[in-house]
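S.K.: First the structure, which I've put down as structure tokens, then a few questions once you've had a look.
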Amino acid sequence: MAMADNRQRDMPLPDDRLPPKGKALAYPEAVQLVNPIEPEIKGEVDDKYQYSCDNKDNKVHGWICMDPAVGFWLITPSDEFRSGGPLKQNLTSHVGPTTLAVFLSAHYSGEDLVPKFNAGEAWKKVFGPVFIYLNSSYDGGDPLKLWEDAKLQMLVEAQSWPYSFPESEDFPKWDERGNVSGRLLVRERYINDDYISAKGAYVGLAPPGDVGSWQRECKNYQFWAKADDDGYFSITNIRAGDYNVYAWVPGFIGDYKYDVVMNITEGCDIDLGDLVCEPPRDGPTLWEIGIPDRTAAEFYVPDPNPKYINKLYVNHPDKFRQYGLWERYAELYPDKDLIYTIGVSDYTKDWFFAQVTRKKDDNTFQGTTWQIKFQLDKVNKTSSYKLRVALASATLSELQVRVNNPKGPRPLFSSGLIGRDNSIARHGIHGLYWLYSVDIPGTQFVEGENTIFLSQTRGNGPFQAIMYDYIRLEAPPSSTFNKTRVMQISKPKENMMMDFTNHFLFFMLQVFVVLGGDTKPGVRLDIQDKHVIMDNGIVQVNLSNPEGIVTGIQYNGIDNLLEVLNEEYDRGYWDIVWDEGGENRTQKGAKGKGRFDRMEATNLTVIVENEEQVELSFTRTWNASFQGKLPPLNIDKRFIMLRGSSGFYTYAIYDHLKEWPAFDLDNTRIAFKPRKDKFHYMAIADNRQRFMPLPDDRLPPRGQVLAYPEAVRLVEPVEPEFKGEVDDKYEYSCESRYNRVHGWMNIDPLNSTGFWLITPSYEFRSAGPLKQYLTSHVGPTTLSVFHSTHYSGVDLIMKFGPNEPWKKVYGPIFIYLNSLSNGFSPIKLWEDAKQQMVNEVESWPYTFPASKDFLSSEERGKVQGRLLVRDRYVSDAFIPVSGAYVGLAAIGDVGSWQRECKGYQFWTITDDKGYFSIINVRPGDYNLYSWVTGYIGDYQFDKVINVTSGCEINVHEIVYEPPRDGPTLWEIGIPDRSAAEFYVPDPNPLYINRLYVNHTDRFRQYGLWERYADLYPNKDLVYTVGVSDYRKDWFFAQVNRKKDNGTYQGTSWQINFNLDSVNTNGSYTLRVALATVHSAELQIRINKLEADPPLFSSGVIGKENTIARHGIHGLYWLYSIDVHGTLLVQGNNTIFLTQTMNHSPFIGIMYDYIRLEHKS
């Protein structure tokens, strides 16, 4: 059975559920398999509710017969006829085998979703159509590919909705329906006065009702869409009728309803413009628990009792689907109920996912009372506080709230008896959403420790419970909190992915980030003989005059955040690595890395000076006397400080005139070196942050250099917890698309400080979204790298001819500083920095840079369209693809964007329907490029796109037809331009970085190339199609084998496969996609390892050095090899993949994907 990529398994037989093979548990649907026919499932629990699914995700599910390989699938192309909206959960497939399309049910909602018809009430509704899809595999391939095909067919059906062929007049066609579009913004006035794009919001049309009534609406139709990154939404194919517009925004509490009834008529196209959601809020946040996302998934979900497991959900994101988790509460809290302390507890570990009843010794049940303890330094006795309690689900429960007196005869608040969701018994993590706002008079609080008691009083059974979504205490309304916010926030989930807007409120809540009061001082400029100082009362920046080196940053009572032990020129600086061009070019490799220049300027000009803004220009003009000494560039480094800003901006303009000599540009960046005595904690992502070693730890005898200078084993570090670890700056590299904010924290119990580098756009970085750059590393050092050859090699050296003019603006970037005090968790500095990054991205392109070379939004253009994919041997349909990258880059060949580094690039990703919008594009001529995860190759639009100021270009529907000559015989891997899906071994225990132990980026450990010989000591890798599993049996990199004498030898891998028949008069195509290559030659032979010459040789390719630099991809390479049928035999065949170069351990190939096609 399969219902999602990570929810599929071999299922028990229905006979296994019957006595004596099965034993019913607490209710008939849950059965323990005591003696099933298949022994491997013995002891498991089977329950149909474990396979429920939200409407929004319930598009295709069904069953596979393995032999013969046949699939039986139920596809639901639209949710419009289902009840309860996108979050309503319904049954799918389960043991029987049974496959259901549920249109209306009371599951996870109770009687609220039972439609009740009055006498005389007319009603008509069309349920469906749904599609029962059957598929099969005749070539002996993997039967699980039937699931992949079914998912593709689902996209075809969704694209075809509403169908054109149903004959009933009650099913309206597309031209009998209407469309509604608009943009949803969010304004949270105690956090930010700005209107923020509601990224990922759900926006829908449902019958007129109260706010949030859509989740209980079950008689009529609903139409929903998801807002894109900028908050835009488009709801299409709406049946005629009257509706309200509803929305909810992940990251914010409550529901939104547009205050005008929408009348949809045939063919209408209504644009609502900008809608603004203002979530419930009376005052600034004092503390919060959880994430406002309408589920309890972020809270602690225990492991199940080993007696009652479903193996599918072991170590699964949906671990809440295990049976019997309600019983674990009493085991974890045998004597006392849960106590949660703000600022100390962590809701991911210390807040049980459901407030359930406690089973007593006499087998009766009693309600439970949870406590939230928190400190208040001051209490406003004359005002009221507000407690917001959002519930993700409730079942026959009563929530009572008391403050500081658990025995009070009357609770401050009672919900009364609510809910019949039964989510606990049915293994859900949410049901219906409830939001309560409880007024708490200030007289109820005391200065010092306070306690809020949450009692669930009903105790008639084990399934009575409340699941919380989110709890927040707000201070009384006060204008003094508008700009200075003092808050305590519970610890966030440490491994939370960086979905900033979906968790917007959680991330936005500032943590004593002092941005000044309502009256902010103006910006002051002080020009001295050797220095120039910008000061806005929050931050003071000292720059050398006229060199333009940042020598000091004063903030939060610290005289200088930069390393005072360094020379002034080695604290904060722009730099460039360059070389002469033509005959004077240095031979790259070995130590030939070009020439380093700190870009010291020779002239200072004040561009803007007023109380709102100061902009300084530090320039250096090139002339012929500098030839061979300095890069032939005019350089203009700019620094900007704004009133009220907790940081400063910098950007630079590089200009190479036509008449100037040739030169190469290898690398350019800006570097900051914070103080090593203060900044010890580094963060570059939610799951990539840690305390870091000192730079002294890298020097002998404390550190031992390993295979290259950047990698050092910490033998005797100052801090003993680092002993034995490996430190290497490349372990902290990051793809451009994710490299938006990183930096350091000075953790002080009384006054912590954050130093962050924010890059609001990567339009000026080289080589597109997948290019990897250094970020922060031991020093402490923080970099914004604009161009480098890392993970790409010589292909990314910018080579300028002698008559080649060039100008480019790098930046602006933002150096952001924040602070907190009173012992609050310093990790909140990272949360705040992420939100500041969101603010900067929203503000791009900035309005304040004074250079005419930095273009405003009005001077830029927009390109939009829709991307479809047609893979003709999979489906004749044109499939819209979600999550495809679409971008504009300089005119070139297919895929040339990944090596393009002189111009600008502008990228976006497609939405669920394949639509894309590339905004704020600088004028110029571009090609439009794309690549799509799940498909090989690259797309290039066949026309040059000329972008002009203010233009809006629509390329409409464009179709990518990936390389394909025939049906797939077999495949290895996933076409996603990385080797991450293959087997990455554990590191040698001598060479670990503890951050990456059991981490999703485990490939970042040092020395993994040496593990190949450990795993394959005598023979090379052999992979058998249909037997081997590429996740376990395909090593992530084809590296060399180290011999006993210290030399290296190339390796030959084998792919064994069986062909039932061979067309000896025809031909086949072998597709080999590489994720990265370094100084390697790939030779391919078929059935004869000794064949000379080989069927194919790549020649020596690649200088990406990804293996040594702990990457999982570099540049993408795709080869298509013709294989004549005479090379293959009926029965067993072998393809030999030989990497021949053998002079280094870092030579190697990472494969992305391999496929054999039968040409037809």
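Cβ atoms are placed via backbone N, Cα and C, with glycine included.
Pasting the relevant annotations from TrEMBL:
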- 1-19: compositional bias 'Basic and acidic residues' (COMPBIAS)
- 198-271: domain 'Rhamnogalacturonan lyase' (DOMAIN)
- 285-473: domain 'Rhamnogalacturonan lyase' (DOMAIN)
- 882-954: domain 'Rhamnogalacturonan lyase' (DOMAIN)
- 968-1156: domain 'Rhamnogalacturonan lyase' (DOMAIN)
- 1-21: region 'Disordered' (REGION)
S.K.: Work out, from DSSP, the number of helix, strand and coil residues along the domain 'Rhamnogalacturonan lyase' (198-271).
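M.R.: Secondary-structure composition of the domain 'Rhamnogalacturonan lyase' (198-271): 4 helix, 32 strand, 38 coil.
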S.K.: Determine which residues of the chain contact the region 'Disordered' (1-21) at the Cβ level, with the cut-off under 8 Å and only residues 6 or more beyond its ends counted.
M.R.: 31, 33-38, 41, 44, 46, 51, 53, 57-58, 60-64, 92-97, 144, 147, 150, 311-312, 316-318
S.K.: What is the number of residues in the region 'Disordered' (1-21) that are helix, strand and coil, as DSSP sees it?
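M.R.: Output for the region 'Disordered' (1-21) reads 4 helix, 5 strand, 12 coil.
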S.K.: Could you give the mean pLDDT over the domain 'Rhamnogalacturonan lyase' (198-271), rounded to a whole number?
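M.R.: Here the mean pLDDT over the domain 'Rhamnogalacturonan lyase' (198-271) amounts to 95.
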S.K.: By DSSP, how many residues in the domain 'Rhamnogalacturonan lyase' (882-954) are helix, how many strand, and how many coil?
M.R.: 4 helix, 32 strand, 37 coil
